[in-house]
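One structure is given here, and the rest of the page talks about it.
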Amino acid sequence: MHLRDLTGPEQLKRLAPAELAQLAAEIRRVILETVATNGGHLAPNLGVVELTLALHIVFDSPRDKILWDVSHQSYVHKLLTGRLHQFHTLRQFGGIAGFTDPRESVHDHFHWGHASTSISAAVGMAKARDLAGDDYEVVAVIGDGALTGGMAYEALDHAGHDKTKVIVVLNDNSMSIAPNVGGISNYLARIRTGPSYQRVKHDVAEALRQIPLIGPQALELADRLKEGVKHLLVHNMFFEDLGFTYLGPVDGHNVSALVDVLRQARAYPGPTVVHVVTTKGKGVPYAEQLPDKFHGGGPFDVATGRTGPGSLTYSEVFGNVMCKLAAEDPRVCAITAAMPSGTGLSRFARQFPDRYFDVGIAEQHAVTFAAGLAKGGMRPVFAVYSTFLQRAYDQVIHDVALQNLPVTLAIDRGGLVEDGATHQGVFDVAYLRAIPNMVVMAPKDENELQHMLYTALCHDGPAALRYPRGKAQGVPLDETLQPLPIGRGEVMQEGADVALIGLGTMARVCQEAARLLAEKSISAMVINPRFVKPLDAELLLRAGREVGAVVTVEEACLAGGFGSAVLELYAAHGVNARVERMGIPDEFVDHGQPARYLERYGLTPEGVAQRAEALLLRMRSDLAAQPARRSRSVRRLSGAKAAGNGET
């Protein structure tokens, strides 16, 4: 059977092993070609082809609920559930998502993109099933990397104690995003490669195969008994101690073996863990060799895996400056939550291994760990995607800001990204500026980024700087770094008619918008505020009082954002300026090219210029109407006085 002939996952149950192997090869080809064109998560999906086939053979989706942790590895699932003909639109504006999305299919149950959540949701769905008297299965598919997140253990502890019937499929590829770290990774490795267990398993199998006539039957019987043997040879069975039945490890690229073990799990009455060992990037040599690089990213050459040359990214600039500062100051440390490459810290990890800490997918721990480092006299920098910092908000407030500790939050992917609602970095400005003691910065370009990082490390308190994903602007980089005055912005150009205030990279957009306005004889002041908190009150108040027409522009949510901060400042000082706020409205932003969304929200030079013109037009219209309004008010007031005097 070809993939194009597949109308639903129920057809998989009737396919022979050879047909399944052919289908697996075709699925890998489709995924490779699509991701090479559109970008996306290549290696994780290549590694789960056979596992996904087996899941849909054993379980009856959508009645049985298959939940994909993070769900970046759900491409195969999408192809098997009727989305082949839309698959070429993967991650494109108006196309299908790179993660599960219930709006797309009844086979998708959550709109996910963060790690370690699937077991909690599965336990909740299973409990709802039991309360309703239903009997469908609930399966959580989670990677070994996601098991470094504490939330997964909270759910395992709950399910094991409660004996809720739920199946947890542990996809163990020893990687997740980057090479896994920590005790759990080492524990799983011992299960996979423990010499006692593996040696006995091999020797027994070989001996049984040699028995004439009954060898195969004896081997099958031994397979059924091996769980008991495993208890004797692998000590401290973690999952068993939590109350789960443990099955595995199983070859994650053997469909028949996977089907057998999943059927066993389905037959168990209580919670079960199925340990599946896979190869990330399976079937594509360059993805197998460099699974970290091909975890997720942009387009590449399908034959070689190479990407085109280009200028430095903001992440790379950040990483280079971190190395420079660490060489000068032995107190500088770097922390990542399983994203060394994505955050630009790979070089730092090589040069300063003693001051580099990958804590796994554990953002809460990362922030409080940074607080401990700072309390001990170090200058820690936690490099984290904006969307993932949300997971550690309490720790930022309670363990860092309340203690007023010198922890730097280097917030990558601040703004719009291709991956959609689960990954948009648009909330950080609003939630960080509400925190006392916190300094919040946004650079207009990569040169300002390096000065802001130095500023944060010189500051004796918590500081955050947010910068976007992707290529930097290509401006020259200063050799000598200088700390910026805290709370001081920059006037990029003076103007008399309207003030354009662009946060971060929007400052450059405002500068170009000012040029467009100048062509229409409109004089625009352009301000790079640099600081969300503390604001440059003197500069912003001058713009409000002297210019009167103000447009704030931010690649962040409007609710509680930078524009709101400016309005609060004006209200507190009685400044009667007309303020037009531009940014992300009160909605979740879907997947697609950020440029398309910037255009939709008017966050382009043309869009900003148009809003500024419209604001000035309204102000002129209001000014022209003021004499008429005043005369109507006088007439109404005169009439009221006349009525009070008995006049008619």
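Please read every residue number as a count from 1 along the shown chain.
Backbone N, Cα and C define each Cβ position, glycine as well.
These figures come from a predicted structure and were not determined experimentally.
Together with HIS72, GLY113, HIS114, ALA115, GLY145, ALA146, GLU363, Swiss-Prot lists one candidate of ASN38, ASN173 for binding thiamine diphosphate, that being ASN173. Here the binding-site residues are ALA115, ALA146; the one with the fewest Cβ atoms within 10 Å of its Cβ is ALA146. DSSP assigns HIS72 (thiamine diphosphate binding site) to coil in the three-state reduction, placing it in neither a helix nor a strand. Around the Cβ of GLY145 (thiamine diphosphate binding site), a 10 Å sphere holds 31 further Cβ atoms from the protein chains shown.
Residue pair GLU363 (thiamine diphosphate binding site) / ASP144 (Mg(2+) binding site) shows a Cα separation of 16 Å. The binding-site residues under consideration are HIS72, HIS114. Their Cβ neighbour counts within 10 Å are lowest for HIS114.
Applying an 8 A CB threshold to same-chain residues 6+ apart, the list for GLY113 (thiamine diphosphate binding site) reads VAL70, SER71, HIS72, PHE99, THR387, ASP419, GLY420, ALA421, THR422, HIS423.
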